[in-house]
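Feature list (source: Swiss-Prot):
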- C40, C43, C57, C60: divalent metal cation binding site (BINDING)
- 71-143: domain 'J' (DOMAIN)
Amino acid sequence: MWGCGARALLGVWEVRLAGFLGRRLLGSNAAAGKSIAPQCWNCGHAREAGCGDEFFCSHCRALQPPDPTRDYFSLMNCNRSFRVDVTKLQHRYQQLQRLVHPDFFSQKSQTEKHFSDKHSTLVNDAYKTLQAPLTRGLYLLKLQGIEIPEGTDYKADSQFLVEIMEINERLADAQSEAAMEEIEATVRAKQKEFTDNINSAFEQGDFEKAKELLTKMRYFSNIEEKIKLSKTPL
């Protein structure tokens with residue numbers, strides 16, 4: 001009788017021990033899976049996510065290095081969308097430059113000067129990229145793993161290429177300001193049409209269509225650059 005009771009008691013302890021070890025194992029796995037907060041390079045204080053201060057240590061106020069995982073849309077406080085409020089984008093750009101521009105770090109350590117240069121370059125690149133519809137669209141595609149190498153005629157049909165050639169010929173032959181303005185108006189209207197259609201393609205998640213339209217838009221952007229150069233006095 002005693003032997004049966006001992007075996008029963010031993011079984012209870014085994015169940016309890018297994019449960020205890022299981023909880024310990026789950027706890028250690030959760031701790032291992034939890035990401036470790038980055039530390040300030042200057043004071044070693046943990047930089048907590050979501051603390052509201054993206055660029056400076058909340059403890060010692062030292063400028064921190066740029067976050068390599070952050071995309072341009074996040075940096076500039078924009079939704080990851082082809083449709084961007086350019087006025088808000090400009091305000092964000094000015095705000096960031098007041099925070100990280102190298103002129104404000106001339107008396108700081110070499111490390112902070114270096115980080116300031118990195119931040120300022122990143123902010124400039126983000127602003128220029130998101131400001132223009134073409135570069136914004138190409139960047140959105142890049143975030144999807146899709147790139148259009150320069151000089152690619154992706155789905156540019158012969159009729160479209162003839163249209164581009166004719167506009168370039170008109171531009172080369174333009175002898176008056178009125179002729180130049182007519183070409184410029186044509187190009188501006190085409191770019192507006194492309195912008196609207198590209199926005200629709202991204203909203204529908206049709207990245208192939210967006211890629212096709214952005215390829216064509218790049219041709220007209222090149223013509224726009226030629227028009228600007230023709231207006232620049234020598």
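Numbering starts at 1 and runs along the chain as it is shown here.
Cβ from N, Cα, C; glycine included.
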CB contacts for C40 (divalent metal cation binding site) [other CB atoms within 10 A, all chains]: 17
Close in space, distant in sequence - C43 (divalent metal cation binding site), Cβ under 8 Å, 6 or more apart: C57, H59, C60, A62
Per-residue Cβ crowding (10 Å cut-off), top of binding-site residues C57, C60: C57
Helix, strand and coil counts within the domain 'J' (71-143) (DSSP): 56 helix, 0 strand, 17 coil
Cβ-centroid neighbours of divalent metal cation site C40, C43, C57, C60, 8 Å, sequence order: W41, N42, G44, H45, S58, H59, R61, A62
